[in-house]
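K.L.:
Grabbed the feature section from TrEMBL, which reads as follows:
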type    : residues                      : note
DOMAIN  : 5-267                         : domain 'Pyruvate carboxyltransferase'
BINDING : Asp14, His202, His204, Asn238 : Mn(2+) binding site
REGION  : 393-514                       : region 'Regulatory domain'
Amino acid sequence: MKQHLVIFDTTLRDGEQSPGASMTREEKIRVARQLEKMRVDVIEAGFAAASPGDFESIQAIAQAIKDSTVCSLARASENDIARSGEAIRPAKSGRIHTFIATSPIHMEKKLRMSPDQVVEQAVKAIGWARQYTDDVEFSAEDAGRSEIDFLCRIFEAVIKAGAKTINVPDTVGYNIPSQYAETMRQLIERVPNSDKVVWSVHCHNDLGLAVSNSLAAVLAGARQVECTINGLGERAGNAALEEIVMAVRTRADVFPVETRIDTTQIVAASKLVSQITGYPVQPNKAVVGANAFAHESGIHQDGVLKHRETYEIMRAQDVGWTQNKLVLGKHSGRNAFKSRLQELGIELDSDETLNAAFARFKELADRKHEIFDEDLHALVSDEVVTPEQEHYKLVYSRVTSETGEMPQATVILNVGGVEHKAEAGGGGPVDATFKAIESIAGSGAELLLYSVNAITTGTDAQGEVTTRLAKGGRIVNGNGADTDIVIASARSYLNALNKLESTLDKVRAQGDDI
Ligand code: KIV
Ligand code: ZN
């Protein structure tokens, strides 16, 4: 009998700490629904005390999600824990994840606390958290550079205080697999009552070892892995969920554990997170990269055609690499459109938003006969800003581009109910269009990223554009999709401007992180 390996996804918390990967509440709910569909055990939905926006996102996810535990991160302080406790209150199953640093460098230089004070604070934190839920996780931040004797001491104390999961983070990605596994093995052996808790790993990828370290610790007895979709996360990222899950499944001969993940949902989750955050997936990325199952060399192709397993250790369809699914066409009605969105976990929050998205769908279906799930995700990505938040609306856009001439753009925007027209020239059609928009909006925002990606195959594919803007310490991503990439770009730019503009926007200021 295999033991259960708990998959704890922190895309919405540690993943969101990637520079510029901030997500709005609606986007987080969409990701959470996909994680639930994939049967993730625990969804770390955010860090409730970081901002009111984070708090509300966690609360909304706690309300929406039924089949996964919803967790909030909290420093070991009474206020942080109270905010987390409130945020997860609506959850069917809720967890508080509290942490304090335990390495000498963090205790001395960051916390300015003695080891005794750190232990005392950790124990208090568990007590505060248990007032809200029995499901309390404790993390020793920077455990990877902490002294093993001190880890044993603090873990013994927090287990006694009622912690149910003990997490051993390699916060700065410093460990190597054999060393990290040995730490885990010693902790399980030495800490009293270690068999009463779930031992967890949380590895960062600074040396490219996050997945290897996590798996080594699983072999040493860890039974929870903290990970993110596409390995998104602080600095070089966290361990990639898809790699952990597929390693355990593909090497069932080696791992004494199994997950309950529906692996066929992995590619959809990867695409969704990439689309929302604007973090592209590299083509040669394991499991979810576009080339992960492509065979270029003639010898390999020949081998695979004769017998798939000559060169393939996993089946593409097992991780959700099915052919693009034709879902809707130009004759599909509003109800079919709405129910397909629901199946994809997309809830539009008002009839007005649904009508706007449906109108866009019809327009798209006229130009592009085959509409796939990916098209629908892209279509709603720039439509989920509710009309009252939509300060800037694109009314008209035209661009001329000819050999030897500077492209010229004309745009008309509706700004808070009043139409404005502007013209501008630029280095290319997109540059000209952005300049024309900016001459109306006058946002002064800094463009951090502009990326275009074809959503499906074929020259009639929608171009999906991500525009990342920074202003006043806030970073937002705007998404836009259209078969015309200049229009997609304009939508994406306006989507980002609307997020910056919106007073209701819950995007967290960068720098509020832990
Ligand atoms: O990397 C880390 O140490 C963390 C903790 C808060 C778990 O993200
Ligand atoms: Zn982390």
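Count begins at 1; order follows the chain as displayed.
Every residue, even glycine, has its Cβ placed from backbone N, Cα and C.
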K.L.:
Just how many other Cβ atoms lie inside 10 Å of the Cβ on Asn238 (Mn(2+) binding site)?
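P.N.:
Looking across every protein chain shown, the total is 33.
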K.L.:
Counting all other Cβ atoms within 10 Å across every protein chain shown, which of the binding-site residues Asp14, His202, His204 scores highest?
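P.N.:
For the binding-site residues Asp14, His202, His204, the Cβ with the most other Cβ atoms within 10 Å is His202.
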K.L.:
Mean pLDDT for the region 'Regulatory domain' (393-514), rounded to an integer?
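P.N.:
In the predicted model, the region 'Regulatory domain' (393-514) has a mean pLDDT of 87.
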K.L.:
Within the region 'Regulatory domain' (393-514), how many residues are helix, strand or coil going by DSSP?
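P.N.:
Helix, strand and coil residues of the region 'Regulatory domain' (393-514) number 30 helix, 51 strand, 41 coil.
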